[in-house]
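> Pasting a structure below so you can have a look.
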Amino acid sequence: MVKVAPSILSANFAKLGEEIRDVEQGGADYIHIDVMDGHFVPNMTIGPLVIEAIRPITKLPLDVHLMIEHPDHYISAFAKAGADYLSVHVEACPHLHRTVHFIKECGVKAGVVLNPHTPISMIEHIIDDVDLVLLMTVNPGFGGQKFIHSVLPKIQRVAQLAKERNLSIEIEVDGGVNAETARLCIEAGANVLVAGSAIYGEIDRAAAIRAIRGKK
Ligand SMILES: O=C(CO)[C@H](O)[C@H](O)COP(=O)(O)O
Ligand SMILES: [Co+2]
């Protein structure tokens, strides 16, 4: 079953509540929230306060993508704010095992994220402990970028690892996802598709979500 996670990065922040309700009514499965610190990535977005404000306005799980240095310092704040999934970049976590287990101790599902150039071998010894693997198909920091096709074999490799080890993890893809690239990701084995501009750039968000899911 393919899930769609609209990224609010491309939403109108002046009416964020309405923008979230719109995609919930349009059939979204998760709300994807991009947290950027201006250090790990060259852009700044939102913190726990905004997540706390969003929490009561939707029943959907909040899928929080941390693009920040020293994520351990902020994990409990994001957990208290109402995150359902907290995903950290392996490139930002020298003690990834500790970080993943700290997320779980905070009562939140744990995800690990790989930049386009980062090999799957980086998560071979942690994949059994996580709930979600997120593969970046753009270099993180901005919405509206072009999908990097060379990540597709990495999706296949994660799907293969999950099968070999009998893991029921979410395999999520983020960056440049539209109806056409979504199809390639699903074929490669992804089951959660993040999309910002391809959903919030359209007037009919329900139709955009259906198109990404591969339904008319
Ligand atoms: O993590 C992200 C960027 O770092 C965003 O989730 C992603 O870019 C979504 O935007 P789009 O679908 O427009 O590429
Ligand atoms: Co993201």
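Using N, Cα and C of the backbone, Cβ positions are placed for all residues, glycine too.
Annotations in TrEMBL come from automatic prediction, not curation.
Annotation source TrEMBL lists substrate binding site at S7, H65, G141, F142, G143, G144, D174, G175, G176, G196, S197. For H32, D34, H65, D174, the entry in TrEMBL reads divalent metal cation binding site. Annotation comment: TrEMBL describes D34 as active site, proton acceptor. Positions annotated as active site, proton donor by TrEMBL: D174.
A description of the local structural setting of each listed feature is requested, covering burial, neighbours and distances.
In the three-state DSSP assignment, the secondary structure recorded for S197 (substrate binding site) is helix. Around the Cβ of S197 (substrate binding site), a 10 Å sphere holds 18 further Cβ atoms from the protein chains shown.
Reduced to three states, the DSSP call for H65 (divalent metal cation binding site) is strand. Over all protein chains present, the Cβ of H65 (divalent metal cation binding site) has 27 other Cβ atoms lying within 10 Å.
Within 10 Å of the Cβ of D34 (divalent metal cation binding site) there are 24 other Cβ atoms, across all protein chains. Secondary structure at D34 (divalent metal cation binding site), as computed by DSSP, is strand.
In sequence order, S7, H32, H65, V113, L134, L135, M136, T137, V138, V194 make up the list of same-chain residues 6 or more apart from D174 (substrate binding site) whose Cβ falls under 8 Å from its Cβ.
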> Quick one: which of the binding-site residues (D34, H65, G143, D174, G176, S197) have their CB closer than 6 Å to ligand 2?
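Checked binding-site residues vs ligand 2; flagged D34, H65, D174.
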> Name, in the order they occur in the sequence, the residues of the same chain whose CB lies under 8 A from the CB of G143 (substrate binding site) and which sit 6 or more residues away.
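For G143 (substrate binding site), the qualifying residues are S7, L9, S10, D34, G196, S197.
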